[in-house]
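Lifted from TrEMBL, the feature list:
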{"type": "BINDING", "residues": "A:39, A:84, A:235", "note": "Mg(2+) 3 binding site"}
{"type": "BINDING", "residues": "A:39, A:53, A:84", "note": "Mg(2+) 4 binding site"}
{"type": "BINDING", "residues": "A:54, A:55, A:132", "note": "Mg(2+) 1 binding site"}
{"type": "BINDING", "residues": "A:55, A:84", "note": "Mg(2+) 2 binding site"}
{"type": "BINDING", "residues": "A:62, A:288, A:340", "note": "substrate binding site"}
{"type": "BINDING", "residues": "A:114, A:131, A:132, A:158, A:237", "note": "ATP binding site"}
{"type": "BINDING", "residues": "A:238", "note": "Mg(2+) 5 binding site"}
{"type": "DOMAIN", "residues": "A:37-149", "note": "domain 'PurM-like N-terminal'"}
């Protein structure tokens, strides 16, 4: 970036105009009646259910500026929010973006961040309808609220899983965590010797899983096309183990998950091997994959069995059986969440 | 606060349970179908318009921990958001709270903050339906998204003012800014000599305007009871001058505002006098009063003329006349916004 415009040179309204240019204010959704430019945005949802979710990302906790391009950060901040709406079997329609940045960031840097936000909004058909940008004492903090819709009889909660339901998963797991390990290693090497070129060529897949995740809009569309309503669903932000336990606790059931059925890409398992991490462990506890974990009634088995993007990894049992991992040797291990504790992570680092 | 529980000792889900106890999760509004505990909250608005607004407060920019009790901060963060919904002639119904805090804050401190959030929600009939709490590299940042409703034929925008409409204002102005001046003075005295007791007894009114503002729910209810629909409306967060200019720019009109009609409480003008600030200037440019500025058709004059809480301060003119302040001597001064630029304020301090 050759130019640097200081934030204070624009003022609040100048900044709003610069970050939300008129050409982006045209609504993509009929539910968006009035967007930026008044005290509140006006939406109309009629017979649809309105879904609302908020997720925040903090510098130094959820992202590291050393290896996170701003455009990717804006994109990821949106996609992680969209994922929460898909996890209810809904479609995201609007977002508001709340941003706090120190004067260390220029207007051009925020434009770069917003270019990622607009790209995500374009790809997922979402309108940016409001927000607030303010200065901070230090670092960057992004909070996005997403508003979406679902048909009333198609909303899927975490609490509807029933005994004998099949446990299914979209995509593959562990990639985002593997990518984070690579980025942290290269950062450490760079800090020790800034002349070292980062070695990233063999890691495109896992790095893109970390820096530029996608939300599973395609799976929600697939459900609609096949007339499937999952009995429960959650997105994988904190790791499969943690999310499976959420479904079982909320549904008052147990589960059996077959370790050798957990889908792991070969590039992910190769990376874990380098870091001397068991691939299963990485896939069970690594976060930020934004895949969908869901349960379906066995009667829907035929509808999904040929879908390459969906893997059946286990089934729901009664609560008294507990939550179990089944090994290839057919022994069981109790499922525990090591999970993702950002508070603890910050203390550790 | 005698006890101090560290944030990292609870983990994310423990913290959610602690800050959102079950007894507070009972919905007050029929539009709240499902609140905290899944990937998204579920709302139902049917034939109502859904209003959405987001406002953020950053430590060191919007509030100073030296003189801001955490309970007040939580209350104010809510009320400033509710005010945006009232300014559309709507009623706030749900909020999500996004919070970023450093480990310097204990769990008990966050509970104190949340006690103010719950108090505001109780008083204004709003449900807390979601949010995200995360650690930050430094300081505290609160972003609240409020969702509200309005009848489709009663939404009031900034752009509907017509020539000859009356310009009206709820309550009185300048108090919040006067309170800020007192708090900053006492902070400076305390920093210079920590043994000095703060002198606040004569300033209860202005300090409460700064630390514990209220939003004008009563005015919106009054409009409904009298079957009044303002032609335009905005809430006063950045000062009367700035907000009046917003209405005129959006409505493509001019205005005449009579300086001696601007309501200023005697306790506010006394405080401004101490600080050698002209009361009119303080009332025109001081922010954060959260009163409502609105325009009505002259035919509604009889409905509001006896209402003690509403002051007619001027009228709308055509755009070519510009925006003017009329002095008691009947001369005119062009209305300009000095406004509230948080970026500049931070640089100045």
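Placed from the backbone N, Cα and C atoms, the Cβ positions cover glycine too.
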Statement: Row residue A:55 (Mg(2+) 1 binding site), column other C-beta within 10 angstroms, all chains, value 25
- prompt: Under 8 Å Cβ-Cβ from residue A:54 (Mg(2+) 1 binding site), six or more apart in the same chain: what's there?
  reply: A:81, A:143, A:144, A:145, A:146
Query: About how far apart, in whole Å, are the alpha carbons (Cα) of residue A:39 (Mg(2+) 3 binding site) and residue A:131 (ATP binding site)?
result: 10
Field: binding-site residues, contacting chain B; criterion Cβ under 8 Å; candidates A:54, A:114, A:237, A:288
entry: A:54
- request: Please report how many Å separate the Cα atom of residue A:55 (Mg(2+) 1 binding site) from that of residue A:84 (Mg(2+) 3 binding site), as a whole number.
  value: 9
Statement: Cβ neighbour count within 10 Å, max among the binding-site residues A:53, A:237, goes to A:53
Task: Across all the protein chains here, work out how many other Cβ atoms are within 10 Å of the Cβ of residue A:288 (substrate binding site).
output: 21
Message: I need the CA-to-CA distance for residue A:158 (ATP binding site) versus the residue listed as 'Mg(2+) 5 binding site', whole Å please.
response: 15
Query: Nearest to residue A:84 (Mg(2+) 3 binding site) by Cα, among A:131, A:132, A:237, A:238, A:288 (binding-site residues)?
result: A:237
Under 8 Å by Cβ from residue A:131 (ATP binding site), counting only residues of that chain that are 6 or more apart: A:96, A:97, A:98, A:99
- line: Grouping DSSP H, G, I as helix and E, B as strand, the residues of the domain 'PurM-like N-terminal' (A:37-149) number 35 helix, 50 strand, 28 coil
Neighbours of residue A:288 (substrate binding site) among the binding-site residues A:53, A:114, A:235, A:237, A:238 (Cα to Cα, within 10 Å): A:235, A:237, A:238
Message: Please report the three-state DSSP label of residue A:235 (Mg(2+) 3 binding site).
response: strand
Query: Rounded to an integer, what is the Cα-Cα distance in Å between residue A:53 (Mg(2+) 4 binding site) and residue A:237 (ATP binding site)?
result: 14
Query: Looking only at A:84, A:132, which of these binding-site residues has the biggest number of Cβ atoms within 10 Å around its Cβ?
result: A:84
